[in-house]
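Structure record follows, encoded as structure tokens.
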Amino acid sequence: MLQELYQPNKEFAKNARIKNMCEYNELVDAANEDYEGFWGAFANEKIDWFEPFTNVLNETNAPFVKWFEGGKLNVAHQCIDRHIESRKNKAAIIFEGDRGDKQIITYLELYYQVNKFANLLKEDFGVKKGDRVVIYMPMIPEAAYAMLACARIGAIHSIVFGGFSAEALRDRINDAEAKVVITADGAYRKTKPYMLKPVVDEALAEGNSPVEKVLVVERNNEDLEWVAGRDYSYNELIKDKSPECPAEPMDSEDPLFLLYTSGSTGKPKGVQHNQAGYILWAQMTMEWVFDVKENDTYWCTADIGWITGHTYIVYGPLAMGATTVMFEGVITYPDAGRPWKMVEEYKINQFYTAPTAIRVLHKTGENEPAKYDISSLKVLGTVGEPIDPPAWKWYYEEVGQSKCAIVDTYWQTETGGHIVSPLPGATPIKPACATLPLPGIIGEILDPETGRKVGAGESGYMCVTRPWPSMIRGVWGDPERFIKSYFGDVKKDGKAVYFTGDGAVYGENGYITITGRTDDVINVSGHRMGTAEVEAAIKKHWNVAEVAVVGKPHEIKGEGIFAYIVLKSDEGVADEVEEVKAINNIIKKEIGNIAVCDDMVFAPGLPKTRSGKIMRRILRSIAKGEPITQDISTLEDPSVVEKIENMVKGV
Ligand code: WT7
């Protein structure tokens, strides 16, 4: 079966940026010995500063920290302008549309497109530095132009994943007080057109919206309703725009973007990332973890609506001057050979995806990779959730042809970039293990009670004990929540440290295996769902009295959503199928399809302590079909546990 460790490919390692564990350890030591010196040197080397920074790290107001104070830069300049001299004709973006249409955008072309877009936002919509712009877009090049155009003029973008509903979009627009929404009429999925603009219309329909203008990229040219004075066609407005637009000099700590993500309580929070630290680590991790070379072609299958798409489709690859592939379609359409066909055609060298995708491709197309010439592949990546050994084995042997390193990258929306990951030329990899913290990241597994670093074989909370450049700078509009969410749980030597929300365990060699969330966050197909959000949606159904939602292992998705629902009507459910459908429809409306429940049980009650706290652990065990180990005698009504167990067994 699987080996314990796989050594890096020797041929690959020879030319890798970090060639062996000695080099890795040297970098780790350098960061430990002189943390600010380490980061200051990289910031000087990697970033094309307009004005140099005067101070590396300011922790006076921790956890609100400042990196590279005094420095001025522009992220669009870093990603585009500075490459024009040596790479103007190099492909920046290779786009493959859903229906197989292709577009190659060179760095020079990207420069013109982004400049025109930036001029449009400035001149036609009056967008200024610091304004929030919501981007609700399909995976088309204009989405990347929109991000970079915002960065160029200093506007703060907030991308909302195209799968989110009108309600979810409205919440995010309102929380960010966005002035402009950039969207598309729609796009294509499995060759059929689908629509986005009508969702924006619905989100703005209630009135009282901060949004003044909506910019519509016409992709599928389906019929639309246009609101006069509010909605404008990008395709029209862009025509007469100048291809030159100065890049706004930004302070290192000016905000770059917001990205809303789920927490364990309440509404999604607007994770704020700032300019210099974010782009520095995006670029450095691209170079170290994927080891992309000048002539390489790199493909990350994420959607730009998630942090992976921000850092590893757009910002990271472009900051380092790489060629990044952008794909509009569905990786299993027309069949599960689609990605391997693309690897063959574009001679893709690095391929980065989520375990969910690997499981689907494995299940539905086990023998597909062998049908194509995928010998160009050098590094494979996974992200978003723990990968299981069978999927890992197939990925390593069939896709990686037993010669490619698999980088199991552990990170989060809040970390901006990878924090724990193998380096493909250096780290012996262990299946389904994120291995070691990257140099410069002081990642430690701590005991939540004592703050002590746990020993080999022990588990604890995955923490980062020093601030790092690409860390979250705040929760938009809610500094209290920032402190409470990330710096409230674990103290080391009496000082609050960043806690990821994940549990982890050390192996003998210091390797870190992430064991999953310790809070009420479910990881569905690598996407974070807060149980509280799903519960709030379900409660909107008139007949729901109480609800508790937990995660349950799912063959493809990693985790599925399992809901225990107590109805108001005493007679129980007249038509269970209808009720399930009605509740799922509310979830689709409130959040989106990704939050639809896999299982629903109409329970007679929920297991609660006498103080009224729902015992989710019991519900998790029942969902998994595990024996209940908790003491249930102290529950308000212990008999409810057996009743629910019996119902679930019957499901
Ligand atoms: C959560 C972050 C990071 C971009 C995509 C998701 C889980 C992430 C791994 C991994 C095990 C992982 C964690 C984390 N996670 N990467 N390699 N192994 N678990 O970003 O939506 O912010 O979710 O995803 O639970 O906290 P996100």
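Backbone N, Cα and C define each Cβ position, glycine as well.
Where the annotation comes from TrEMBL, it is an automatic prediction and has not been curated.
Owing to the predicted nature of the structure, the values given are computational and were not obtained by experimental measurement.
Here is what TrEMBL records for this protein:
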- 24-79: domain 'Acetyl-coenzyme A synthetase N-terminal' (DOMAIN)
- 81-475: domain 'AMP-dependent synthetase/ligase' (DOMAIN)
- T308, S525: CoA binding site (BINDING)
- G384, E385, P386, D502, R517, R528: ATP binding site (BINDING)
- 533-613: domain 'AMP-binding enzyme C-terminal' (DOMAIN)
- H541, V544: Mg(2+) binding site (BINDING)
- K613: N6-acetyllysine (MOD_RES)
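On the structure: features taken from TrEMBL.
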residue	record	DSSP class
T308	CoA binding site	helix
G384	ATP binding site	coil
D502	ATP binding site	strand
R517	ATP binding site	strand
S525	CoA binding site	coil
H541	Mg(2+) binding site	coil
K613	N6-acetyllysine	coil
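Scoring each of the binding-site residues (G384, P386) by how many neighbouring Cβ atoms lie within 10 Å, the top position goes to G384. Among the binding-site residues T308, R517, H541, the residue whose Cα lies closest in space to that of K613 (N6-acetyllysine) is R517. Proximity to E385 (ATP binding site), judged by a C-alpha distance within 10 Å, picks out S525 from the binding-site residues T308, S525, H541, V544. Listed recorded positions: R517, R528, K613; maximum Cβ neighbour count within 10 Å falls on R528. With a CB cut-off of under 6 A applied against ligand 1, the binding-site residues G384, D502, V544 are reduced to G384, D502.
Pairwise Cα distances among G384, E385, P386, D502, R517, R528, the recorded ATP-binding residues, top out at 13 Å. Less than 8 angstroms from the CB of H541 (Mg(2+) binding site) sit A582, I583, I586, each of them six or more residues away in the same chain. Straight-line distance linking the Cα atoms of S525 (CoA binding site) and D502 (ATP binding site), rounded to a whole number, equals 16 Å.
Rounded to a whole value, the Cα-Cα separation of V544 (Mg(2+) binding site) and R528 (ATP binding site) is 24 Å.
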